[in-house]
Amino acid sequence: MKQEDLCGGEGTCINRNGSYWCSCSKGYTNYGNNSTKCSPLKCDSFNGNGGPASSLGGLADILFMMRNSCVALSNPSAASEVKTDGEAQLEKLFTAAESILSPGQLNSSEDVSGLLSTVENAIMLIGPQLKDKHTRMETTETEVEIAVQRGKTRPIGPIQLTNEVAILDTDWTTAAGTGPYPGFALAALLSYKKLEKSVNRSFEGLKGHEKDGVTPSFQISSKVVSVVVSNPNTQQLNRNVTITLRHLQDTEESDELSYICAYWKESGTWSTDGCYQQESNATQTVCTCEHLSSFAVLMALYPMKHSFGLQVVTKIGLTISLLCLVLCILTFKFCRSIKGTRTTIHLHLCICLFVADLFFLAGISQTKPVGGCSFVAAMLHYFFLAMFIWMLLEGVQLYRMVVLVFNATMRPLYLYLTGYGTPLVIVVISAIIRPSGYGTDQHCWLSLKDGLIWSFFGPVCFIIILNVFFFLVTVWKLAQKFATLNPDLTQLHKIRAFTVTAIAQMCILGLMWVFGAFLFQEDNTVVAYIFIILNSLQGALVFFMHCLLSKQVRDEYAHFLSCICTPQKKRYSDFTSTNPSSSQSQALRSAQHTGESQI
């Protein structure tokens, strides 16, 4: 047998008693197994070159460690003195990787790519040095299983590597490749336990997944796994590999959700080229891929198209609410008999609710253009918040009427500053901190990601808690006043009626936004119906409680309707009625005219 066949072109065959061993040239190694061919080493892959290694803490340590190991193996004089301990190197590798991953999410896609490629290259270097055919190692951040086969001939047969979140099915022919055989073949399955949070982005490279003209949004739906083989040509495998990935949550595919198989490109984006979904169920997806890299299952989320019935209910319900609010606004503005602080509060509460409902009806689903959608979301945020602020002012006013008795009115300037200034400050701060959170791909409302939604629900919860406190104190004080010897029953009954209507209004508003909290999540048809119905009732409720139940307002309505319905009768009475003063003046003018004629 030729020397090249035994030790490779860059190896020197040295005869021993009954055996031989291969001495490798500089830049080549047989990984401590002297009876195998010399393979080239690519130590330059651990240089870093000022990329992610300079920004990602800990990665430079891995690169330094692996480069030293690679250089030692490629140096014939040093390699003979170095005792290869693959297990120890593997442990050091994943201990260093743990220090990178444990603090939390990686800051950029470049950092993710740098970590993934470095670890894959390190496994390629360490794998041939492992003593056992199967090696498994687990840390708090990673889990890896490596299979290695050695021999003078290429191994054949199936390979199956498994862990808690993934299964790799391939064969030794694919793992070894068709190029020069170095005397070993390896296959590795590595899973990252928390990396999915760092790669739940960079979906801009995903094209061709539109459905009925609708572009989906994407989310990571599995752990990230890397597949490594000794085959140097992994970009175009002779046979596809099969990877089964367990879902993060058990969810069936539907019209609004589908699973796709994707891999992480070195450029730092997700792609589906060469990876296909073979089958999928609620718990896992089976992917088949023509090349190797780091893989994950993505959820493609399609906006749910509400039924025609829901659209009709929305339009009819909000139209009724808007009409009732218009009547309320006109009543509170022009009805003189109910002028006061409480009426001012009701007027501006209705204005805020009217504008919010108008924006909701006209723009909640108009996601294009993006700037317009962001504006609608900001206006909804502002006016719904302002509505709750005015509701809080009503609670404060009732508290002052019962507790202070005298000087219970509040200056309009203070009301306007509080009612419109407070929500403006909240919206401006929120827009500065999370400008991209106003408007989503499905709705013109606050994004449910990154906690921006709490800039609305946080103040709302605080306001409801404060109002509950004011109402409890008000009811308690009312009970005390009713128990006195000489209570002012007329005034107390009026305040009691005010309190009951205010509590009912708060309950409807609060209940509406309990369902509103879940309105823009998946599978929310029932919630949407309830929210729209309660929102429609809000305008009608304000009109009923603050207008129709008020005797003063009913009298004003009756007077107004009488003026409209009986105009002819009034004009007729003008002609038929007798006005004494008018008759006397006409007689006097007639007499004067007669006297002048006589003169």
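Placed from the backbone N, Cα and C atoms, the Cβ positions cover glycine too.
TrEMBL annotations: computationally assigned, not manually curated.
According to TrEMBL, the feature compositional bias 'Low complexity' maps to 581-592.
Residues or ranges marked as domain 'GAIN-B' in TrEMBL: 136-305.
Residues or ranges marked as domain 'G-protein coupled receptors family 2 profile 2' in TrEMBL: 310-550.
Among the features that TrEMBL reports, region 'Disordered' is placed at 575-599.
Sequence annotations record features per position, and here TrEMBL assigns transmembrane segment to 308-332 (among others).
What TrEMBL records for 344-363 (among others) is transmembrane segment. Sequence-distant contacts of the transmembrane segment (344-363) (same chain, six or more residues past either end, CB-CB distance under 8 Å): 314-315, 318-319, 321-322, 325-326, 328-329, 332-333, 372-373, 376, 379-380, 383-384, 386-387, 390-391, 393-394, 397, 412, 415-416, 419-420, 444, 535, 538-539, 542, 546.
Among the features that TrEMBL reports, transmembrane segment is placed at 375-393 (among others). Same-chain residues lying 6 or more positions outside the transmembrane segment (375-393) and placing a CB less than 8 Å from one of its CB atoms are 345, 348-349, 352-353, 355-356, 359-360, 363-364, 366, 410, 415, 418-420, 422-424, 426-427, 430-431, 438-439, 444-446, 455-456, 459-460, 463-464, 466-467, 502, 505-506, 509.
Among the features that TrEMBL reports, transmembrane segment is placed at 413-433 (among others).
The transmembrane segment annotation in TrEMBL covers 453-476 (among others).
According to TrEMBL, the feature transmembrane segment maps to 497-520 (among others).
The annotation transmembrane segment is assigned in TrEMBL to 526-549 (among others).
Here the listed stretches are 308-332, 413-433, 526-549, and the one with the most C-beta pairs under 8 angstroms to the transmembrane segment (453-476) is 413-433. Confidence over the domain 'GAIN-B' (136-305), given as mean pLDDT on the 0 to 100 scale, stands at 90.
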